[in-house]
Amino acid sequence: MMYQQQPKNQKQCKNIALHGYCRNSDKCEFSHELTPQQQQQQQQQQQQQQQQQQQQQQQQQQQQQQQQQQNSNGNGSNNTATSNNPIISPNSNIASPLKKSPIDNLTTSFQNLSTNQQTNHHWADHFQSGIPEYIPKQQLQQLQQQQLLQQQQQQALLLQQQQQQNYDDDQHLYPYGDNSVDDYEQHQYEPQPQPNNGIDPNMNNQFQINNFVAAQMRNASPQSYQQQFQQPNPSPQSSSQQQQQQQQQQQQAVYQQQQQQQPSSQPLAQNPSLQNNNNKLLQLQLQQHLQQIQAAQQQAQINQSYTPYPSYSQSVIRNKPGRRNIGSFFMSESLKQDILNQKSLLYLTLDPNDPRIKNIPPMLNKYHSLYPLDHDASRENQGKMFGYITSVYKAISTLDGLPYAIRRVEGFRLSSEYALQAAETWRNIQHPNIVSLKEIFVSKEFGDNSSLFFTYEFFPGSETLESKYLSQSGNPLSESVLWSFICQITSALKTIHSAGLVCRVIHPSKILLTGKNRIRMNGVGIFDVVNFDTPRILAQYQHEDLLLFGRLILTLACRSAQSTTTTNLSKSIEYVSNQYSKELYNLIVYLLTKPVINLPNIDEVVLMISGRLLQENNYLHTYTDDLETELSKEYENGRLFRLVTKLGFINERPLYDMDPRWSETGDRYLIKLFRDYIFHQVYDDGTPVLDFYHVVETLNKLDCGVDEKILLMSRDEQSLLVVSYKDLKKCIDSAFSELVSQKSHI
């Protein structure tokens, strides 16, 4: 019985699996037969190649037919120029949305090396319009999609402008257009009114979205392409501009005639109901894209248009060339008014006929001139925070003469002196957002058994967040202001928790607003003394600070003290999600969440709002620069005030060294004439010259001692003296030195 000889190895050759063939098939010891799966793949590839060849042949036939039709209808002159034609021809290799690539369905191992693929740009290129300092991971993907859509819209508008510019440059060569232009490229210049809002169901969905959004932006833009043709410019135009307008209108008429004569090359939809459904779906998608873009732009404008620290500086108005407004030489009126109000409140005292003076002692420890600061608050509300009735007074210290705020805790009996030592740590806490604790003492000056007193810094004109935002209705707080409050409180809590302490007074009634959105936490250290005997777990108390922090933000965002109750909590959070950014919503939810393990801490909050902290730092630096500018103005005014004071000491002095005419002789006479030159000049009609700029300019030149010379005239107009500012400065210094030397000898 004969047996067929078997090959040495039945394994398939790797070259067959990888490349489909083997060069050494006659010498190779492995099998070269294809598996059933490979045979199916080979058949599929052959079928795909045949289909592609058929499609290419059909496309070539269609292109030849179109060229024949266009050549028969067009001019021969249009076929001669090819290199300078700005309009793309159908045979061009440039990709077009209506030109289908012949290798779309080809799948090979080298497909990733194709040059037709989109390049992967750097991730920072998608955020050229700016992003918030902190973006949650849930929002990152949505924001990237919005940025990509905006870039596509900008590219579409730029392409249209470039094509229109190229056409205008070569209009003398092609006055009637090029008959070989595709319908798509002609619609780029003049879109025709089409049904279903201009949406073509045969085009790509993403391409239709981009075209529709670009059209909406053109219609909304005041300098769009359509308005350049249709709307006349009200401003006066030159003759060249008018000629350009007429040429553009002629181009528009030519394109309309060509599009009316040329039949549309787009195939009609076979199923009208399917076409309508697709159009409705596309319209909904487009509306959603537009709404998202508009919402993002509005939110960005709101965040960037308002700063929590408005500037004091005023815009400089120049009345004449080289002249400034008088207000630019002095402090801002608003800043001046704020300082005056604070100064007036520092020295308030009770009227002797005021009935409250009977219940206030004239002296309290080392403080006098007590003035009640919470006389308008009810007695019930004064004790709801600490469990005891409290009252606040302004008092003057006998040691340094400075005002302080003293909070009295009524009805509290101190059980141990260690309770006072527990609050001594607060005296070492110095933070710009914390009202510093200065002293704690016990006194019976109010006539009761004993009361506990806490001495704090005094900030005149301050008010609580409760009285500012919760006692009266108004518009919602700007998100910039909320983030400023959040950053300030976070900074204060970071300092408190790092020192091993707990705040526990994060409440609208205990946070003071002391300036332009500058807040300070008041009443620190009271709970450490009042609840000294209560067992403490530091981590839990610090987490309670974060819970109170979240409730405070939610209360201010809703401007309602009832927003954090059990019945209104879910509605309040929903309101924040609709009114403010996702970042603020996530922070509030994080602070109000109480997990079983791994309690949140202030360090995690700092990481969450790190971007906002940088923004707050920028605001503060800008505000500091503004205050330094105002301070520099007052420094200049102080320098000039010293000069005017010296002139006042010297001029018109009735008697000096037993000489009644001392101020009228010698160098003092020049000083008198210079005083008249500054303040007593008159116009030709006899009216006085009231020029502040002249006074400031003259005094500055005098202080510098410049060599510029001026003409001084006596009052009887009989004497004229030419003198420089440098000489006048020497005269003033010499005369003032005489006065000083005589005083030292006495």
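Residue numbers in this text run from 1 along the chain shown.
Note that Cβ sites are derived from N, Cα and C of the backbone, with glycine treated the same way.
The stretch that Swiss-Prot tags with region 'Disordered', taken from the ranges 132-168, 169-205, is 169-205. Feature annotation (Swiss-Prot): of 27-63, 64-100, the stretch labelled region 'Disordered' is 64-100. Same-chain residues at least 6 positions away in sequence with a Cβ under 8 Å from that of THR464 (ATP binding site) are, in sequence order, PRO508, SER509, LYS510, ILE511, LEU512, LEU513. DSSP places the residues of the region 'Knob domain' (650-746) in helix, strand and coil in these numbers: 51 helix, 14 strand, 32 coil. Around the Cβ of PHE458 (ATP binding site), the same chain contributes LEU346, LYS394, LEU402, PRO403, TYR404, ALA405, each under 8 angstroms and 6 or more positions distant in sequence. In sequence order, LEU512, LEU513, THR514, ARG520 make up the list of same-chain residues 6 or more apart from SER462 (ATP binding site) whose Cβ falls under 8 Å from its Cβ. Mapped onto three states, the DSSP output places THR464 (ATP binding site) in strand. Counted within 10 Å of its Cβ, the other Cβ atoms near LYS510 (ATP binding site) come to 21, all protein chains included.
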